[in-house]
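Enquirer: Sharing the features that Swiss-Prot gives for it:
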type     : residues                                                                                         : note
ACT_SITE : His359                                                                                           : active site, proton acceptor
BINDING  : 6-9, Lys20, Gln71, 76-77, 98-100, Gly135, Glu150, Asn165, Asn223, Arg329, Lys347, Tyr362, Asn373 : UDP-N-acetyl-alpha-D-glucosamine binding site
BINDING  : Asp100, Asn223                                                                                   : Mg(2+) binding site
BINDING  : Ala376, Asn382, Tyr383, Ser401, Ala419                                                           : acetyl-CoA binding site
REGION   : 1-225                                                                                            : region 'Pyrophosphorylase'
REGION   : 226-246                                                                                          : region 'Linker'
REGION   : 247-453                                                                                          : region 'N-acetyltransferase'
Amino acid sequence: MNIVILAAGTGKRMRSALPKVLHPLAGRPLLSHVIATARTLQPSRLVVVVGHGAEQVQTAVAAPDVQFAVQAEQLGTGHAVRQALPLLDPAQPTLVLYGDVPLTRASTLRRLVDAAREGSYGILTVTLDDPTGYGRIVRDAAGFVTRIVEQKDASPEQLKIAEINTGIIVTPTGQLAMWLGALKNENAQGEYYLTDVVELAIEAGFDVVTSQPDDEWETLGVNSKAQLAELERIHQRTIADALLVDGVTLADPARVDVRGTLRCGRDVSIDVNCVFEGNVTLADNVTIGPNCVIRNASVGAGTRIDAFTHIDGAELGANTVIGPYARLRPGAQLADEAHVGNFVEVKNAVIGHGSKANHLTYIGDADIGARVNIGAGTITCNYDGANKFRTVIEDDVFVGSDTQLVAPVRVGRGVTIAAGTTIWKDVAEGVLALNEKTQTAKSGYVRPVKKKS
(Lines of atoms letter the chains of each structure in order from A; the text may use other names.)
(Lines give C-alpha, C1' and ligand atoms only; values in the text may rest on other atoms or scores of the structure.)
Protein backbone atom coordinates (compact mmCIF):
# COMPACT_ATOMS: atom_id res chain seq x y z
CA MET A 1 0.00 0.00 0.00
CA ASN A 2 1.05 3.58 -0.70
CA ILE A 3 0.44 6.23 1.94
CA VAL A 4 0.43 9.92 1.05
CA ILE A 5 0.46 12.50 3.84
CA LEU A 6 -0.51 16.04 2.87
CA ALA A 7 1.66 18.56 4.74
CA ALA A 8 2.00 21.53 2.40
CA GLY A 9 -0.45 24.02 3.92
CA THR A 10 0.50 27.43 5.26
CA GLY A 11 -1.57 27.36 8.44
CA LYS A 12 -2.30 31.09 8.47
CA ARG A 13 -4.64 30.84 11.45
CA MET A 14 -1.81 29.49 13.59
CA ARG A 15 -0.22 32.96 13.39
CA SER A 16 3.24 31.45 13.57
CA ALA A 17 6.44 31.33 11.53
CA LEU A 18 6.61 27.60 12.24
CA PRO A 19 4.92 25.43 9.59
CA LYS A 20 1.61 24.18 10.97
CA VAL A 21 2.48 20.48 10.79
CA LEU A 22 5.57 21.07 12.97
CA HIS A 23 3.69 22.49 15.93
CA PRO A 24 4.13 20.09 18.84
CA LEU A 25 1.50 17.79 20.25
CA ALA A 26 2.68 15.89 23.33
CA GLY A 27 6.22 17.00 22.57
CA ARG A 28 6.31 15.80 18.95
CA PRO A 29 5.36 17.57 15.70
CA LEU A 30 1.83 16.94 14.48
CA LEU A 31 3.27 15.40 11.33
CA SER A 32 5.42 12.98 13.34
CA HIS A 33 2.29 11.54 14.95
CA VAL A 34 0.75 10.92 11.52
CA ILE A 35 3.94 9.33 10.18
CA ALA A 36 4.18 7.06 13.23
CA THR A 37 0.61 5.86 12.69
CA ALA A 38 1.25 5.37 8.97
CA ARG A 39 4.26 3.18 9.72
CA THR A 40 2.14 0.76 11.72
CA LEU A 41 0.31 -0.04 8.46
CA GLN A 42 3.66 -1.06 6.87
CA PRO A 43 3.28 0.86 3.59
CA SER A 44 5.52 0.01 0.64
CA ARG A 45 5.74 3.73 -0.19
CA LEU A 46 5.38 6.57 2.32
CA VAL A 47 5.25 10.01 0.70
CA VAL A 48 4.92 13.37 2.45
CA VAL A 49 3.78 16.26 0.27
CA VAL A 50 5.47 19.47 1.45
CA GLY A 51 5.04 23.06 0.39
CA HIS A 52 5.10 25.91 2.90
CA GLY A 53 8.35 25.63 4.87
CA ALA A 54 9.28 22.58 2.80
CA GLU A 55 12.94 22.46 3.81
CA GLN A 56 12.13 22.86 7.49
CA VAL A 57 9.48 20.14 7.35
CA GLN A 58 11.76 17.73 5.49
CA THR A 59 14.55 18.27 8.01
CA ALA A 60 12.20 17.63 10.93
CA VAL A 61 10.83 14.28 9.73
CA ALA A 62 13.51 12.97 7.35
CA ALA A 63 13.93 9.19 7.53
CA PRO A 64 15.03 6.41 5.16
CA ASP A 65 11.44 5.25 4.62
CA VAL A 66 10.01 8.73 3.94
CA GLN A 67 9.97 10.29 0.46
CA PHE A 68 9.00 13.88 -0.26
CA ALA A 69 6.99 15.47 -3.04
CA VAL A 70 6.87 19.25 -3.35
CA GLN A 71 3.72 21.26 -4.00
CA ALA A 72 5.29 24.55 -5.06
CA GLU A 73 1.92 26.28 -5.46
CA GLN A 74 -0.92 25.78 -3.01
CA LEU A 75 -3.60 24.72 -5.50
CA GLY A 76 -5.69 22.43 -3.32
CA THR A 77 -5.67 18.91 -1.93
CA GLY A 78 -6.25 17.24 -5.29
CA HIS A 79 -3.29 19.09 -6.75
CA ALA A 80 -1.19 18.10 -3.72
CA VAL A 81 -1.88 14.39 -4.16
CA ARG A 82 -1.07 14.72 -7.86
CA GLN A 83 2.48 15.79 -6.94
CA ALA A 84 3.00 12.48 -5.16
CA LEU A 85 1.88 10.24 -8.05
CA PRO A 86 5.35 9.73 -9.61
CA LEU A 87 6.57 8.28 -6.29
CA LEU A 88 3.74 5.77 -5.86
CA ASP A 89 3.43 2.13 -6.86
CA PRO A 90 0.51 2.11 -9.34
CA ALA A 91 -0.20 -1.55 -8.58
CA GLN A 92 -0.94 -0.79 -4.92
CA PRO A 93 -3.84 1.20 -3.42
CA THR A 94 -3.16 4.64 -1.98
CA LEU A 95 -4.27 5.89 1.42
CA VAL A 96 -4.36 9.69 1.81
CA LEU A 97 -3.80 11.19 5.27
CA TYR A 98 -3.33 14.73 6.58
CA GLY A 99 -0.35 16.08 8.49
CA ASP A 100 -2.55 18.22 10.71
CA VAL A 101 -4.89 15.38 11.77
CA PRO A 102 -2.68 13.62 14.32
CA LEU A 103 -4.95 11.43 16.44
CA THR A 104 -6.44 8.95 13.97
CA ARG A 105 -5.88 5.46 15.33
CA ALA A 106 -4.16 2.82 13.23
CA SER A 107 -7.09 0.47 13.89
CA THR A 108 -9.45 3.01 12.32
CA LEU A 109 -7.31 3.20 9.20
CA ARG A 110 -7.06 -0.59 8.97
CA ARG A 111 -10.84 -0.86 9.01
CA LEU A 112 -11.07 1.65 6.17
CA VAL A 113 -8.43 -0.17 4.13
CA ASP A 114 -10.14 -3.52 4.75
CA ALA A 115 -13.51 -2.08 3.70
CA ALA A 116 -12.02 -0.97 0.38
CA ARG A 117 -9.90 -4.06 -0.20
CA GLU A 118 -11.82 -5.24 -3.26
CA GLY A 119 -10.78 -2.20 -5.30
CA SER A 120 -13.46 0.12 -3.95
CA TYR A 121 -13.12 3.80 -3.21
CA GLY A 122 -13.04 4.13 0.58
CA ILE A 123 -13.92 7.23 2.58
CA LEU A 124 -13.48 7.72 6.31
CA THR A 125 -16.61 9.47 7.54
CA VAL A 126 -17.78 10.54 10.97
CA THR A 127 -21.18 11.42 12.41
CA LEU A 128 -21.23 14.70 14.34
CA ASP A 129 -23.78 16.28 16.63
CA ASP A 130 -22.98 19.57 14.90
CA PRO A 131 -21.76 19.03 11.31
CA THR A 132 -21.74 22.75 10.47
CA GLY A 133 -18.98 23.66 8.04
CA TYR A 134 -18.25 20.15 6.82
CA GLY A 135 -19.00 18.39 3.56
CA ARG A 136 -22.01 16.08 3.94
CA ILE A 137 -22.12 12.46 2.77
CA VAL A 138 -25.18 12.12 0.54
CA ARG A 139 -26.61 8.61 0.15
CA ASP A 140 -29.41 7.18 -1.97
CA ALA A 141 -32.40 5.23 -0.70
CA ALA A 142 -30.35 2.04 -0.65
CA GLY A 143 -27.66 3.68 1.49
CA PHE A 144 -25.01 3.99 -1.23
CA VAL A 145 -22.88 7.14 -1.33
CA THR A 146 -23.80 9.33 -4.28
CA ARG A 147 -21.78 12.46 -3.61
CA ILE A 148 -20.17 14.77 -1.11
CA VAL A 149 -21.84 18.16 -0.91
CA GLU A 150 -20.09 21.09 0.71
CA GLN A 151 -21.86 23.22 3.32
CA LYS A 152 -22.25 26.23 1.04
CA ASP A 153 -23.79 24.11 -1.72
CA ALA A 154 -26.09 21.99 0.45
CA SER A 155 -29.87 22.17 0.33
CA PRO A 156 -31.84 22.62 3.57
CA GLU A 157 -32.54 18.89 3.56
CA GLN A 158 -28.87 18.03 3.01
CA LEU A 159 -27.82 20.36 5.83
CA LYS A 160 -29.64 18.02 8.21
CA ILE A 161 -27.21 15.21 7.34
CA ALA A 162 -24.91 14.49 10.30
CA GLU A 163 -22.44 12.21 8.46
CA ILE A 164 -19.50 14.22 7.17
CA ASN A 165 -16.40 13.67 5.05
CA THR A 166 -13.08 13.63 6.88
CA GLY A 167 -10.97 13.80 3.71
CA ILE A 168 -9.17 10.53 4.48
CA ILE A 169 -9.54 8.15 1.54
CA VAL A 170 -8.15 4.93 0.10
CA THR A 171 -8.44 4.06 -3.58
CA PRO A 172 -6.71 2.18 -6.42
CA THR A 173 -3.74 4.29 -7.50
CA GLY A 174 -4.15 3.91 -11.25
CA GLN A 175 -7.72 5.17 -11.16
CA LEU A 176 -6.77 7.91 -8.70
CA ALA A 177 -4.20 9.25 -11.16
CA MET A 178 -6.82 9.30 -13.90
CA TRP A 179 -9.40 11.06 -11.72
CA LEU A 180 -6.91 13.63 -10.48
CA GLY A 181 -6.10 14.48 -14.06
CA ALA A 182 -9.79 15.12 -14.72
CA LEU A 183 -10.32 17.49 -11.79
CA LYS A 184 -11.41 21.05 -12.51
CA ASN A 185 -10.76 24.15 -10.44
CA GLU A 186 -14.03 25.88 -11.15
CA ASN A 187 -14.58 27.22 -7.65
CA ALA A 188 -14.08 30.46 -5.76
CA GLN A 189 -10.59 29.46 -4.60
CA GLY A 190 -9.45 28.22 -8.01
CA GLU A 191 -8.23 25.00 -6.37
CA TYR A 192 -8.39 21.30 -7.22
CA TYR A 193 -10.28 19.48 -4.47
CA LEU A 194 -9.66 15.85 -3.60
CA THR A 195 -13.29 15.62 -2.45
CA ASP A 196 -14.41 16.06 -6.07
CA VAL A 197 -12.79 12.72 -6.92
CA VAL A 198 -15.63 10.78 -5.28
CA GLU A 199 -18.14 11.89 -7.91
CA LEU A 200 -15.71 10.86 -10.65
CA ALA A 201 -15.37 7.46 -8.97
CA ILE A 202 -19.15 7.04 -8.83
CA GLU A 203 -19.49 8.09 -12.46
CA ALA A 204 -16.90 5.44 -13.34
CA GLY A 205 -19.03 2.79 -11.64
CA PHE A 206 -16.83 2.31 -8.60
CA ASP A 207 -18.34 1.20 -5.33
CA VAL A 208 -17.83 3.88 -2.69
CA VAL A 209 -17.53 2.37 0.78
CA THR A 210 -17.27 4.14 4.12
CA SER A 211 -15.90 3.42 7.55
CA GLN A 212 -16.10 5.36 10.80
CA PRO A 213 -13.72 5.83 13.74
CA ASP A 214 -14.53 4.74 17.27
CA ASP A 215 -14.26 8.35 18.48
CA GLU A 216 -15.03 11.49 16.52
CA TRP A 217 -11.95 13.27 17.90
CA GLU A 218 -9.79 10.91 15.81
CA THR A 219 -10.61 13.02 12.77
CA LEU A 220 -10.15 16.47 14.30
CA GLY A 221 -7.62 18.68 12.55
CA VAL A 222 -5.54 21.62 13.72
CA ASN A 223 -6.05 25.02 12.16
CA SER A 224 -5.55 27.27 15.19
CA LYS A 225 -3.77 27.34 18.52
CA ALA A 226 -7.13 26.80 20.23
CA GLN A 227 -7.66 23.57 18.26
CA LEU A 228 -4.10 22.50 19.02
CA ALA A 229 -4.73 23.00 22.74
CA GLU A 230 -7.98 21.05 22.47
CA LEU A 231 -6.25 18.10 20.82
CA GLU A 232 -3.45 18.22 23.38
CA ARG A 233 -5.96 17.75 26.19
CA ILE A 234 -7.76 14.97 24.31
CA HIS A 235 -4.49 13.17 23.66
CA GLN A 236 -3.25 13.56 27.22
CA ARG A 237 -6.52 12.26 28.63
CA THR A 238 -6.25 9.23 26.33
CA ILE A 239 -2.76 8.56 27.69
CA ALA A 240 -3.95 9.05 31.27
CA ASP A 241 -6.83 6.63 30.74
CA ALA A 242 -4.39 4.00 29.46
CA LEU A 243 -2.17 4.50 32.53
CA LEU A 244 -5.18 4.08 34.81
CA VAL A 245 -6.14 0.86 33.04
CA ASP A 246 -2.58 -0.38 33.61
CA GLY A 247 -2.95 0.23 37.36
CA VAL A 248 -1.11 3.54 37.73
CA THR A 249 -2.54 5.83 40.41
CA LEU A 250 -3.03 9.38 39.11
CA ALA A 251 -4.05 12.00 41.66
CA ASP A 252 -5.79 13.90 38.85
CA PRO A 253 -5.83 12.39 35.33
CA ALA A 254 -6.39 15.87 33.88
CA ARG A 255 -3.13 17.13 35.37
CA VAL A 256 -0.44 14.85 34.02
CA ASP A 257 1.36 15.35 30.70
CA VAL A 258 3.27 12.64 28.83
CA ARG A 259 5.39 14.00 25.99
CA GLY A 260 7.07 10.82 24.88
CA THR A 261 6.90 7.27 26.25
CA LEU A 262 6.12 6.51 29.90
CA ARG A 263 6.46 2.90 31.10
CA CYS A 264 5.22 2.11 34.59
CA GLY A 265 5.50 -0.93 36.83
CA ARG A 266 3.00 -1.99 39.47
CA ASP A 267 1.68 0.36 42.14
CA VAL A 268 3.16 3.53 40.70
CA SER A 269 1.64 6.74 42.06
CA ILE A 270 1.85 10.12 40.29
CA ASP A 271 0.69 13.35 41.89
CA VAL A 272 -0.63 16.42 40.06
CA ASN A 273 1.12 18.64 37.49
CA CYS A 274 3.84 16.18 36.54
CA VAL A 275 5.42 16.22 33.08
CA PHE A 276 7.19 13.23 31.52
CA GLU A 277 9.30 13.83 28.40
CA GLY A 278 11.24 11.49 26.13
CA ASN A 279 11.61 7.91 27.36
CA VAL A 280 10.83 7.47 31.04
CA THR A 281 10.63 4.20 32.96
CA LEU A 282 9.19 3.98 36.47
CA ALA A 283 9.66 0.62 38.20
CA ASP A 284 7.33 -0.91 40.79
CA ASN A 285 6.19 1.15 43.78
CA VAL A 286 7.61 4.45 42.57
CA THR A 287 5.96 7.54 44.03
CA ILE A 288 6.15 10.89 42.21
CA GLY A 289 5.23 14.04 44.13
CA PRO A 290 3.52 17.07 42.61
CA ASN A 291 5.02 19.44 40.04
CA CYS A 292 7.89 17.23 38.90
CA VAL A 293 9.49 17.18 35.43
CA ILE A 294 11.15 13.89 34.43
CA ARG A 295 12.88 13.50 31.07
CA ASN A 296 14.72 10.50 29.58
CA ALA A 297 15.21 8.76 32.91
CA SER A 298 14.89 5.36 34.54
CA VAL A 299 13.67 5.20 38.13
CA GLY A 300 14.24 2.11 40.27
CA ALA A 301 11.67 0.28 42.37
CA GLY A 302 10.49 1.86 45.59
CA THR A 303 11.93 5.27 44.80
CA ARG A 304 10.27 8.41 46.13
CA ILE A 305 10.56 11.63 44.15
CA ASP A 306 9.29 14.60 46.11
CA ALA A 307 7.70 17.81 44.87
CA PHE A 308 9.26 20.21 42.36
CA THR A 309 12.07 17.86 41.35
CA HIS A 310 13.59 18.04 37.86
CA ILE A 311 15.26 14.92 36.45
CA ASP A 312 16.89 14.83 33.02
CA GLY A 313 18.94 11.97 31.60
CA ALA A 314 19.47 10.26 34.95
CA GLU A 315 19.45 6.67 36.23
CA LEU A 316 18.06 6.04 39.70
CA GLY A 317 18.46 2.78 41.58
CA ALA A 318 15.95 1.18 43.90
CA ASN A 319 14.65 2.88 47.04
CA THR A 320 16.28 6.21 46.35
CA VAL A 321 14.82 9.42 47.75
CA ILE A 322 14.95 12.58 45.65
CA GLY A 323 13.85 16.12 46.46
CA PRO A 324 11.95 18.21 47.10
CA TYR A 325 13.42 20.85 44.80
CA ALA A 326 16.26 18.63 43.57
CA ARG A 327 17.77 18.64 40.10
CA LEU A 328 19.39 15.64 38.45
CA ARG A 329 21.07 16.52 35.16
CA PRO A 330 22.33 14.26 32.35
CA GLY A 331 24.78 11.63 33.50
CA ALA A 332 23.56 11.47 37.09
CA GLN A 333 23.60 7.87 38.35
CA LEU A 334 22.27 7.03 41.78
CA ALA A 335 22.80 3.60 43.31
CA ASP A 336 20.22 1.92 45.51
CA GLU A 337 19.11 3.82 48.63
CA ALA A 338 20.93 7.02 47.71
CA HIS A 339 19.39 10.30 48.87
CA VAL A 340 19.50 13.63 47.03
CA GLY A 341 17.61 16.29 48.93
CA ASN A 342 16.32 19.82 48.61
CA PHE A 343 18.27 22.28 46.50
CA VAL A 344 20.87 19.69 45.48
CA GLU A 345 22.08 19.56 41.87
CA VAL A 346 23.83 16.49 40.47
CA LYS A 347 25.42 16.42 37.01
CA ASN A 348 27.50 13.69 35.33
CA ALA A 349 28.15 12.06 38.67
CA VAL A 350 27.81 8.66 40.32
CA ILE A 351 26.44 8.50 43.86
CA GLY A 352 27.01 5.18 45.58
CA HIS A 353 24.82 2.86 47.62
CA GLY A 354 23.25 4.57 50.62
CA SER A 355 25.10 7.84 50.13
CA LYS A 356 23.32 11.08 50.97
CA ALA A 357 23.46 14.69 49.85
CA ASN A 358 20.45 16.14 51.57
CA HIS A 359 20.85 19.91 51.41
CA LEU A 360 22.13 22.78 49.29
CA THR A 361 24.87 21.01 47.33
CA TYR A 362 26.38 20.89 43.84
CA ILE A 363 27.89 17.58 42.74
CA GLY A 364 29.29 17.70 39.22
CA ASP A 365 31.71 15.36 37.44
CA ALA A 366 32.17 13.22 40.54
CA ASP A 367 32.38 9.59 41.63
CA ILE A 368 31.04 9.12 45.14
CA GLY A 369 31.29 5.78 46.88
CA ALA A 370 28.93 4.02 49.26
CA ARG A 371 27.67 5.33 52.61
CA VAL A 372 29.06 8.82 52.03
CA ASN A 373 27.47 11.80 53.78
CA ILE A 374 27.69 15.10 51.91
CA GLY A 375 27.05 18.05 54.22
CA ALA A 376 25.01 21.12 53.33
CA GLY A 377 26.72 23.68 51.15
CA THR A 378 29.26 21.26 49.65
CA ILE A 379 30.51 22.11 46.16
CA THR A 380 32.62 20.07 43.76
CA CYS A 381 34.63 22.74 41.97
CA ASN A 382 34.88 20.94 38.64
CA TYR A 383 35.63 23.76 36.18
CA ASP A 384 38.75 25.90 35.89
CA GLY A 385 37.32 28.20 33.23
CA ALA A 386 38.55 26.03 30.36
CA ASN A 387 38.26 22.35 31.29
CA LYS A 388 36.29 20.14 33.65
CA PHE A 389 37.81 17.66 36.10
CA ARG A 390 36.47 14.86 38.30
CA THR A 391 36.23 14.54 42.04
CA VAL A 392 36.50 11.05 43.58
CA ILE A 393 35.16 10.40 47.08
CA GLU A 394 35.64 6.83 48.27
CA ASP A 395 33.37 4.80 50.58
CA ASP A 396 32.40 5.87 54.11
CA VAL A 397 33.55 9.48 53.83
CA PHE A 398 31.90 12.19 55.95
CA VAL A 399 31.97 15.59 54.28
CA GLY A 400 31.18 18.47 56.62
CA SER A 401 29.08 21.46 55.67
CA ASP A 402 30.45 24.26 53.50
CA THR A 403 33.18 22.12 51.95
CA GLN A 404 34.75 22.84 48.58
CA LEU A 405 36.48 20.06 46.66
CA VAL A 406 38.71 21.51 43.94
CA ALA A 407 39.03 18.95 41.14
CA PRO A 408 40.92 16.94 40.15
CA VAL A 409 41.04 15.51 43.64
CA ARG A 410 40.57 12.16 45.43
CA VAL A 411 39.36 11.65 48.99
CA GLY A 412 40.28 8.27 50.48
CA ARG A 413 38.02 5.79 52.22
CA GLY A 414 36.78 6.68 55.70
CA VAL A 415 37.97 10.29 55.64
CA THR A 416 36.24 12.93 57.74
CA ILE A 417 36.29 16.44 56.31
CA ALA A 418 35.63 19.20 58.81
CA ALA A 419 33.08 21.90 58.11
CA GLY A 420 34.29 24.88 56.13
CA THR A 421 37.23 23.03 54.55
CA THR A 422 38.65 23.51 51.07
CA ILE A 423 40.18 20.32 49.67
CA TRP A 424 42.58 20.89 46.77
CA LYS A 425 44.97 17.96 47.35
CA ASP A 426 44.32 14.24 47.52
CA VAL A 427 43.45 12.99 51.03
CA ALA A 428 44.70 9.63 52.32
CA GLU A 429 42.35 7.06 53.86
CA GLY A 430 40.99 7.37 57.38
CA VAL A 431 42.21 10.84 58.32
CA LEU A 432 40.55 14.05 59.46
CA ALA A 433 40.97 16.74 56.81
CA LEU A 434 40.53 20.37 57.81
CA ASN A 435 41.83 23.84 57.15
CA GLU A 436 43.00 25.14 60.52
CA LYS A 437 41.48 28.50 61.35
CA THR A 438 41.72 30.82 64.31
CA GLN A 439 38.54 31.76 66.14
CA THR A 440 38.72 35.05 67.99
CA ALA A 441 36.30 36.45 70.58
CA LYS A 442 36.53 40.18 71.30
CA SER A 443 34.89 41.63 74.36
CA GLY A 444 33.38 45.08 74.48
CA TYR A 445 31.97 44.97 70.97
CA VAL A 446 28.94 47.19 70.41
CA ARG A 447 26.63 46.67 67.48
CA PRO A 448 25.86 49.67 65.28
CA VAL A 449 22.64 51.47 66.14
CA LYS A 450 20.26 52.43 63.39
CA LYS A 451 20.02 56.19 63.03
CA LYS A 452 16.61 57.74 63.45
CA SER A 453 15.36 59.65 60.42
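Backbone N, Cα and C atoms are what each Cβ position is placed from, and that goes for glycine too.
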Enquirer: By Cβ count within 10 Å, point out the most packed of the binding-site residues listed: Gly76, Gly99.
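Expert: The residue with the most neighbouring Cβ atoms within 10 Å is Gly99.
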Enquirer: Radius 10 Å, atoms counted are CB only; among the binding-site residues Asp100, Glu150, which position scores highest?
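Expert: Per the Cβ count, the most surrounded site is Asp100.
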Enquirer: Give me the largest Cα to Cα distance among Ala376, Asn382, Tyr383, Ser401, Ala419, the residues the record lists as binding acetyl-CoA, in Å as a whole number.
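Expert: Pairwise Cα check on Ala376, Asn382, Tyr383, Ser401, Ala419 gives a maximum of 22 Å.
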Enquirer: Checking the binding-site residues Gly99, Asp100, Asn223, Arg329, Tyr383, Ala419, which are within 10 Å of the residue listed as 'active site, proton acceptor' at the Cα level?
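Expert: For the residue listed as 'active site, proton acceptor', the binding-site residues whose Cα atoms are within 10 Å come to none.
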Enquirer: Any residues 6+ beyond the ends of the region 'Linker' (226-246) with a Cβ under 8 Å from its own?
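Expert: Hits for the region 'Linker' (226-246): 14, 23, 25-26, 102-103, 217, 220, 253-254, 256-258, 262, 264, 270.
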Enquirer: Give the sequence-ordered list of residues that share a chain with Tyr383 (acetyl-CoA binding site), lie 6 or more positions from it, and have CB atoms under 8 Å from its CB.
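Expert: Spatial neighbours, sequence-distant, of Tyr383 (acetyl-CoA binding site): Gly364, Phe389.
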Enquirer: What does the structure give for the C-alpha distance between Glu150 (UDP-N-acetyl-alpha-D-glucosamine binding site) and Asn223 (Mg(2+) binding site)? Integer Å is fine.
Expert: 19
Enquirer: So what sits near Gly9 (UDP-N-acetyl-alpha-D-glucosamine binding site) in its own chain, CB-to-CB under 8 Å and at least six residues off in sequence?
Expert: Lys20, Val21, Gly51, His52, Gln74, Gly99, Asp100
Enquirer: Nearest to Leu6 (UDP-N-acetyl-alpha-D-glucosamine binding site) in three-dimensional space, by Cα, is which of the binding-site residues Ala376, Asn382, Ser401?
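Expert: Looking at Cα distances from Leu6 (UDP-N-acetyl-alpha-D-glucosamine binding site), the smallest one goes to Asn382.
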Enquirer: For the region 'N-acetyltransferase' (247-453), would you mind checking the mean pLDDT of the predicted model?
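Expert: Reported value for the region 'N-acetyltransferase' (247-453) is a mean pLDDT of 98.
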Enquirer: Could you list the residues of the same chain, at least six apart in sequence, whose Cβ is under 8 A from the Cβ of Ser401 (acetyl-CoA binding site)?
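Expert: Non-local contacts for Ser401 (acetyl-CoA binding site): Gly375, Ala376, Gly377, Thr378, Ala419, Gly420.
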